Amino acid sequence: MKPPILIIIMSTVILGTMIVLFSSHWLMIWIGFEMNMLAIIPILMKKFNPRATEASTKYFLTQATASMLLMLGIIINLLYSGHWTVSTISNPVASTVITIALAMKLGLSPFHFWVPEVAQGISLSSGVILLTWQKIAPLSVLYQISPSINPNLLVTMAATSVLVGGWGGLNQTQLRKILAYSSIAHMGWMAAIMVYNPTLMILNLAIYIMMTLGTFMLFMHNLSTTTLSLSHTWNKSPLIASLILALMLSLGGLPPLSGFIPKWMIIQELTKNDMIVMPTFMAITALLNLYFYVRLTYATALTMFPSANNMKMKWQFESTKKMILLPPLIVASTMLLPLTPMLSIMD
């Protein structure tokens, strides 16, 4: 894609999300979602091949259905309240329909089927936009309407998402699919806390975006899309293999790393609200995610590829991609745990 065209399309994607973020009028929010959806499709089809076309078509159909449901919820709310302002939704039907539409846009279970398929069909650079930037707009709307969401509906979706995100990734060898299932599980954690403490959801989203961005950048630097190609990393660049190890364990939510902060605070907040079964269930299913991250870690950093690489000539090309933000992202994705007291005060 030519740079001027890419700049125009990317600015439309950003503008669409910004309109959703800063609007207090339901019609403007809907228009923002539409702009964002139509502009992201050429980015998904950047590498023009049948798989990318199929992935983009799946994405378009799912998002169009979600937009239609969102408009239905908005109109029901308009008929009952008489105004377009984003405020407390008095009608339970409108609230449920809008929540389901936003869950489809996010890829929460049971509307998660498109996420791994679309992520697998597109390039790594498009995948990073799909799994980070595209989550911001729907979550911001859920944040605004959180007081009027049905807690049982959202908590059920959250529980199934965490389960599907853990189970689905167990058998995968494709890195993009693994990160897609990881995204479903993280969205589940965010949905679980949405009704009880929406600020924690924003903290979780910020840390999730940093970790996913760092992981994708390392994979792009490595040109890896499968576990097999990742297992060659140790021979080629041991430092990157070690960084992937740290990021994977952080994504899994292991204690000394940043990924532990949202899990810890969400479990604490849910128990404060007299929910014992839900955080216990989520903590147990998080072990499924941890299993496939540790498996990736094992393939990357704890095994040597079976060839003594004594040649003078490099057998794999060096990546020419410049990853500018990688060092701060890796630091933020692994070393934020000491800031937890400050974050809990802000919360």
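Please read every residue number as a count from 1 along the shown chain.
Cβ coordinates come from backbone N, Cα and C, glycine included.
According to TrEMBL, the feature transmembrane segment maps to residues 86-104, out of the candidate ranges 86-104, 124-142.
Simply put, out of 57-80, 86-104, 178-196, 325-346, 178-196 has the most Cβ pairs sitting under 8 Å from the transmembrane segment (281-305). Outside the transmembrane segment (325-346) by six or more residues, the chain places 199, 203, 207, 210-211, 213-214, 217-218, 221, 243, 246-247, 250, 255-261, 264-265 with a CB less than 8 A from a CB of the stretch. Over the domain 'NADH dehydrogenase subunit 2 C-terminal' (290-343), the average per-residue pLDDT in this prediction is 79.
Listed as Cβ neighbours of the transmembrane segment (239-261) (distance under 8 Å, sequence separation of 6 or more from its ends, same chain) are residues 182, 203, 207, 210-212, 214-215, 218, 221-222, 230, 233, 286, 289-290, 293-294, 296-297, 300-302, 330, 332-337, 339-340, 343.
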